[in-house]
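Right, one structure below, let's go through it.
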Amino acid sequence: MVAATETKQYFKNIPQVRYEGVESDNPFAFRWYDENKVVAGKTLKEHFKFACAYWHSFNAAGTDPFGGPTHIFPWDASGDPLERAYAKADAAFEFITKMSLPYYCFHDVDVVDYTDDINDNDKRLQAVTDYLKQKQAETGVKLLWGTANLFSHKRYMNGASTNPDFHVLSHGAAQVKAALDATIALGGEAYVFWGGREGYMTLLNTDMRREKEHFARFLHTAKDYARKQGFKGTFFIEPKPAEPSKHQYDYDVETVVGFLRQYDLLGDFKINIEVNHATLAGHTFQHELQAAADNGVLGSVDANRGDYQNGWDTDQFPNNLNELTEAMLVFLEAGGLQGGGVNFDAKIRRNSTDVEDLFFAHIGGMDTFARALIAADKILQHSGYKKFRQERYASFDSGKGKEFEGGKLSLEDLRQYAIEQGEPEIKSGRQEWLENIINWYI
Ligand code: XLS
Ligand code: NI
Ligand code: NI
């Protein structure tokens with residue numbers, strides 16, 4: 001538990017959040033997330049590896065394009081950048097432990113403010129890394145993944161590793177080196193690349209082929225450095241179709257898989273799927289999970305949800321049980337995540353201004369995931385879902401269908417089969433019945 005007695009307490013009036021079950025009327029308790037409950041051979045804690053995102057919970061203070069902060073953070077008070085960083089870390093670890101979250105994630109600039117001086121930034125990040133290391137040791141909280149913010153600084157307006165100016169690319173590399181060093185020093189289990197500006201605004205000024213080659217070369221260079229330093233974790237690419245760039249190179253899972261395969265990165269890199277990015281790409285979350293699982297790259301999840309009435313990354317906390325139960329069917333059948341966890345890349349709304357709101361948001365997200373996983377496990381075990389899906393493809397399990405799968409039939413053979421068998425019978429896809437199953441088990 002956090003040694004919060006010496007340091008200032010930021011969430012003093014909030015009790016430790018624990019599992020109390022569905023009968024509880026305590027708003028600071030889990031109704032579904034019992035971290036020790038075993039489902040499909042693993043505890044819920046092991047299945048999810050829930051993480052808190054530093055940037056949304058301790059930096060983004062409710063700002064939007066039309067107005068400044070509404071969340072007044074008491075840890076953001078000191079004029080000294082390191083003092084401020086330490087206070088923020090105190091608040092973060094107090095929150096994370098009170099929430100029973102086993103992990104956290106951060107960008108370099110989330111944990112300490114950067115200047116334009118690379119050496120100075122590296123020193124700051126190292127100092128904060130030492131502090132975070134101590135906090136981790138005191139609390140048992142672990143780093144799920146680290147990353148570098150290569151999209152906020154004005155020098156990155158045309159991208160970092162895909163910038164047309166090599167000089168800008170080198171600044172991105174300096175930042176990634178320091179962020180990798182910090183991730184390794186903190187025992188981080190993975191490292192994420194989200195390419196917010198690795199794309200373009202107009203093709204009129206863009207050499208797309210060259211930019212993508214630079215992107216791949218950059219990833220190889222970063223990976224080689226980290227491996228040389230002994231990093232054993234997984235690298236994740238986080239796809240998103242657009243925003244802030246008009247066209248982003250990491251559009252969706254299938255696009256990223258093609259890119260990783262083309263540039264020989266598949267062994268080291270897997271995918272971090274964000275719910276709201278999936279929906280912006282015109283997919284469902286479950287589609288993206290399935291696409292990753294089918295390619296052996298289902299690595300990690302950024303948990304949040306979008307707003308169906310608009311078209312940007314609203315990063316709201318997850319609360320859609322139907323969506324998540326369908327997703328957990330894929331998750332369970334794929335055998336879970338490889339190297340990653342479930343990071344709440346989600347923010348409370350601008351008008352959710354009390355410290356309690358941050359707790360309610362995470363409690364809701366964790367409970368929704370837990371409830372969905374429990375329901376999905378029951379569906380897989382007790383309903384007709386699996387059997388129906390298998391039987392739908394039974395015509396490929398034997399006879400000519402099996403020969404076709406084995407590459408043994410020519411186009412003429414297929415024609416002959418069609419003539420011999422006559423018109424196929426109509427078979428229902430049973431969508432409404434399958435949708436009902438989801439509701440029965442929730
Ligand atoms: C933004 C991304 C970002 C990444 C980390 O849309 O989701 O938060 O997860 O750089
Ligand atoms: Ni994300
Ligand atoms: Ni996002």
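Each Cβ is built from the backbone N, Cα and C atoms, and glycine gets one as well.
As annotated by TrEMBL, active site applies to His107 (among others). The number of other CB atoms found within 10 A of the CB of His107 (active site), across every protein chain shown, is 21.
For Asp110 (active site), applying a Cβ distance below 8 Å and a minimum sequence separation of six or more within one chain yields Tyr54, Trp55, Phe58, Asn59, Asn149. Taken residue by residue with DSSP, Asp110 (active site) is part of a helix. As annotated by TrEMBL, active site applies to Asp110 (among others).
Taken from TrEMBL, the feature Mg(2+) 1 binding site applies to Glu238, Glu274, Asp302, Asp345. Cβ contacts within 10 Å of Asp345 (Mg(2+) 1 binding site), excluding its own Cβ and spanning all protein chains shown: 23.
Residues or ranges marked as Mg(2+) 2 binding site in TrEMBL: Glu274, His277, Asp313, Asp315. Within its own chain, Asp313 (Mg(2+) 2 binding site) has Lys240, Glu243, Asn276, His277, Leu280, Gly306 as residues 6 or more apart in sequence whose C-beta sits under 8 angstroms from its own.
Within 10 Å of Asp315 (Mg(2+) 2 binding site), counting CA to CA, the recorded positions His107, Glu238, Asp345 contribute Asp345. Asp345 are the binding-site residues among His277, Asp315, Asp345 whose C-beta comes within less than 6 Å of an atom of ligand 2, given in sequence order. Of all the binding-site residues listed here (Glu238, His277), it is Glu238 whose C-beta has the fewest other C-beta atoms within 10 angstroms. Counting other CB atoms no more than 10 Å from each candidate's CB, the binding-site residues Glu274, Asp315 peak at Glu274.
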